[in-house]
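These notes are about the structure you will find just below.
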């Protein structure tokens, strides 16, 4: 029988309709919300024992009623209706309340289970009734009470210990009867049961119903409230039912989501149900996961109380108090019940301990008050957050201040402002804060009030606008009427005066004008032409004929002339002329936004046909409009010609003769949706296709909640500018999504930009949202999307019928939770639809990083039933791409039908355009599948084939990535692409050479001939043929198809640097391990046979120990010696892998063990034992130690008695490096001799014998591809090994005692090396007496000898060297090498390097020339040194008269005043006249405004304007204005202020003058002083003695007249004389100035030519970046600037310098200029 939790409150809420009816009968009204609030919140606070879940105890109800109806100030009149209704439910209980009421024991019958007769055996338990039966029993009339049975007494609620009851004596004692559920011995009498309603229960107990069979009557139902209790010292036990466990599991959050809620639930279960140890285990098993259960048990064992009540640490006490295995507790005894109580106590402590999460205050700060959330609910949610994410109790007094501050800071804005203004906020408790917040919350306006307020404000704004407009119209009308009246009066403005008895018409006396017989009676006054606002029908809006093009139609029988307006979406009438419909629309016009109504459908006569149409009524519209809606029905065409616009139909005829049917005949001409599917598929499954079923929505998926990272804060990025074409392109998609509900308006602190992406090959745009910032702030989930590389491996090759479905708008099928929708908001403005604000997605958006994984998992769950019900087909899913494969066409058809049915029922939609139904050849994931084989699509091959040669490392990586997708079809891909891998690094110079071009073309050629590969069949074994060449592993994965081996994949990979340095027989082992690991993605664990040209298995089992490390060997053996999966075939020299193209011939068969045994180091005759006939025996050693924080190092070579060589090494040299140096020096000194050399360094010994050759083979790289340590010393050692005639390098133990020669020599070498390390200068070598001094003999050419003689040097006959003054003259070749080495060490300049060479013992002829040659060729120095090209001063281009050529610039003036920061300065280059305007901003709008409003009206239209490259000058606004006006806007070279020298100098002059004036006057407003500064600038003489004022106006400067007294004659100069003076100025001043300003011949001031390599200055270098970047190739030149490849702007010649010549194609040949097909382009080529 199912167990349910029923309380009085939940019972009344379930039957609230009956409660409301009963209250109505009592003449009161109750509401459900208040009923629940009073019962659970208000009445428990009255302290009368009212439980939160309600009670049917009449005494408690009466106490609450007394409190509520208290006449004093503490009464609650609003709760009277509810408590009297509750009282009536108890006094007059309905059927659904009676089973829960206790009837006082007034009858002889008591509550007792019926006895089982002694002569009857106990029947088996009856079957448990379903929940429906239980509910039916609740509504039946109560059965007569059986005799009282003490088993049915409920336990107390406050403690799980045995109850202490106050028995009520029954009127009639019950007979003693044995119970069937307890022991046979029962006391003769039992007390009456207490009342069933507890006084203050912690939780209402679950209701249990059980049926027992009476002695002589039918079975009756009895209620038992608890499963485990003490009755006559016997325990009654009822286990948990499946329905209880299911309800607890389903209707409560998991422990990981909300540990507090689940802990409270388990706590209530432990208190009310009193479970046993087994019940607790079952409860934990159902409600917790395995990991959560382990944590709870671990925490519980930490809280087992000891004898003193504190947690114990003794294992025996812990095991006794909280056993992990089932204990043998006897619950009928007090110790057993006490043990169970301790167990429950520890278990509850463990739940609370395990539920504590790590402290994360950031999570608490994210809890903010919702828009419509009450303060009490928000406080409860905040307290729950503190309990969940912090270790302290938020209700503790010491933490209330923290909670209060969080409540205030994270509350809504209006509540937060109110609480922050409270006085003494620290003294307020949490309840007081909630109470204050409730006051603000309750004062908020309701949505209805807010809407009414907005409507009222809108009406007030419209009234104000109408009154203002009427006021203006009244003024206009008054002015017009006054003018008319004045015009009618003719010449006499006033009428003649008329006497009292005189006629105003005929001027005769005796009658008035109304009785005048001469006045015509029937003449009508002509209607005046009224103006706007006059009250006349002819003058009303819309009365006149509209302009062309117009069209007259009959609307509802009334002829109406329409203005054809293609910009109007709907047709408009100015008058209703009939009834209006209830339909309204908002209309956005020039005067604002108003709501207008629509007419009912009117009949429109088109001449020969009738249509019905509904018009929008807009009285403010000047004319009736014929909009696009009616034009679309008419199929109208508008043609514009010189005669005017014509409205014609499709055939070119006037629109009046067009007939349109009543049923909108235009729909017949619509192009139907074309699909490649038969109609039967669309008709049978309309809900499965996007074309017929619309947008889908997953029916079985809950809304998705997006989790944010703990530190995530909202990000708001403004919308990028968007072109009109792009905006209109994505507008249709936005409108569609709004109509479908995929988008909705919102207000969100989050905002990301929307990007319009043009679809390739079309003019359509699609909206793409930039969600990169959102992706950074959301929690990452593990991607479960399948790998397309091995997805098809699960497809059986014999399944040759396929169906491919592509789900349409797949991500939009999954809804987003409302709390996650605001994350994806973006800006959108659409004035036509009245949208200006933010929109957000209600479905899962595209571009979100977790969308593919979330959708893939959701679709996989929804298709689980299909996979299990149809095992005869295979269904592959890659996100929204589905592939169904079947062995026959019939099976494929049936599977497809079931799949479409399943998709339609689950709410997904497939694209009919892209569907491939029941075909033998389909395209899926870029592959073509047919007959169990796959190959690349032509489109993918063409994409790779069209890729041009790369120009930088990024493009090389892009090409390799695109081609790498097809590597399974390219035999030997890694070998073909090997030359290109070196160009992928950014650190290496990019040089595209012939070998790279050949590799690039070879990959394309191999792709064009890509073969078809078979699909892997996981039911068959695989064979892998392997070979290795030049560090490239190549393989062919095959499967048997009859007698043939069909290729499944071509594999190739490059070995790592370590394995590449091994001998060939070991490289094959590394190659095999790499390809076996890669092939596992396709074989999926099936048996694999490996066949190679080597005896691979023997090498893997017993490899040589000198080549490979133990870790790598263990990895190889674990991978290759797995006999269950990998088998080795016999060595085969010719196999598919060895037949792949290689650049060298095939090797002959060999024995791998013998080859490895014969593999030697660098020198074949190098010995590790003493030579018997050695010329000398030397001992080497290196020393390195710390001395006062400095590492000192030295090296030495000794012979046991004398020091052969010793030297101190630079500080910081390691001991290994010193050992290598010492051994290398000993080998160099043994050149041409037989030598025994001892060393105690294992590192030096192994490097010379073994490791050196390995390093050399793998390019001196480590396993990570980095350079090895001591690379230069190892190279020197490997070279020095070949200098002696014979040599033996012997290892000896270090620091040995004894007198044998080896120990003595080793100790001497160690002592001398240590002494050398302590020396600060070089210790020269001391040769023994019997050893001659070694002298280097230089080789001189005839040119070297001539130069030596020229400087006075002589030849030394002994050394055969040329010497002068004790210095050796170096040959030119050796001198050049020496200078290069010294410059590489120091990078000194010419002068410093020459001084350094002069201090050496060598003399170099022509040293200055060689030094200059070396320094100029150093690329590093050219990039870093500050030297630049010096160009001579030139002439700037100026105008030939004033106002023609202007220079313009912005300059900032500090301090700012009144928001004005900048000064826009114009300088006329001819006269020097200056105009300056203060501005607040530095924008292109200001520049265009000043040109149009200031320069153009006063000085005429400029021809040329020069400026720098500031944003205000290069913007589209400025450049567009110049293009429209025909102005040549010249942008000067970047970072070259000399190009704008005139305006730059004027900026300085103006600011200097302003500074002086501010100091003199004390004014801070520099704008008031600007006119004086301009006065000085305009009257300052130039180098020709003329002021700008004189050049412009032809008169003396106004400053000269200030010194003279005023004379009236000075201002009476004849105008003609002035004009003649201006003419003379133009002839005598303007012409000579123009001649002086002429630039003359344009001579090139720099040495750069087209095709040269130059470095370009980096103007803003950061950190340690070089000062110069490049080199670049010069494409174009001018006399002062150059244009280089790779930089868009022109570069001034002073910002470039020549790069040192490098050999290659750019160093020879000439450039030739050719024309191209495009007249705006030229072609450069080298010959």
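Count begins at 1; order follows the chain as displayed.
Placement of Cβ uses the backbone N, Cα and C atoms for every residue, glycine included.
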Mg(2+) 1 site partner of 880, 881 according to Swiss-Prot, chosen from 770, 780, 798, 806, is 806
Check Swiss-Prot for me: it has 1219, 1240, 1310 binding Mg(2+) 2, so pick out which one of 1175, 1181, 1344 it puts in that same site. 1181
What range among 101-104, 105-108, 109-112 does Swiss-Prot describe as motif 'PTAP/PSAP motif'? 109-112
I need the CA-to-CA distance for residue 881 (Mg(2+) 1 binding site) versus residue 565 (active site, protease), whole Å please. 47
What residues, ordered by sequence, lie under 8 A Cβ-to-Cβ from residue 880 (Mg(2+) 1 binding site) and sit at least six positions away in the same chain? 806, 807, 810, 811, 855, 859
May I ask which residues of the same chain, at least 6 positions away in sequence, place their Cβ under 8 angstroms from the Cβ of residue 1310 (Mg(2+) 2 binding site)? 1181, 1183, 1240, 1294, 1295
I'd like the number of other C-beta atoms within 10 A of the C-beta of residue 1181 (Mg(2+) 2 binding site), please. 30
Can you tell which of 806, 1219, 1240, 1508 has the most other C-beta atoms within 10 Å, given these are the binding-site residues? 1219
Rounded to the nearest Å - Cα separation of residue 1508 (Mg(2+) 3 binding site) and residue 1219 (Mg(2+) 2 binding site): 63
I want to verify one value. Collapsing DSSP to three states, which class is residue 1310 (Mg(2+) 2 binding site)? helix
What else in the chain is close to the region 'Disordered' (302-322), if you only count residues 6 or more beyond its ends and a Cβ gap under 8 Å? 339, 342-343, 345-347, 349-350, 353
Going by a 10 angstroms cut-off between Cβ atoms, which of the binding-site residues 881, 1449 has the sparsest surroundings? 881
The correct DSSP tally for the region 'Disordered' (443-471) reads 25 helix, 0 strand, 4 coil
Do you know offhand how many angstrom separate residue 1219 (Mg(2+) 2 binding site) and residue 1449 (Mg(2+) 3 binding site) by C-alpha? 68
Those same-chain residues, other than 1181, 1219, 1240, 1310, found with Cβ within 8 Å of the centroid of the Mg(2+) 2-site Cβ atoms are 1179, 1180, 1182, 1183, 1222, 1239, 1241, 1294, 1306, 1309, 1313
Count the Cβ atoms, other than its own, that fall within 10 Å of the Cβ of residue 565 (active site, protease), considering every protein chain shown. 19
Residues other than 806, 880, 881 within 8 Å, Cβ to Cβ centroid, of the Mg(2+) 1 site? 805, 807, 810, 878, 879, 882, 914
At the Cα level, what's the spacing in Å between residue 565 (active site, protease) and residue 1449 (Mg(2+) 3 binding site), rounded? 46
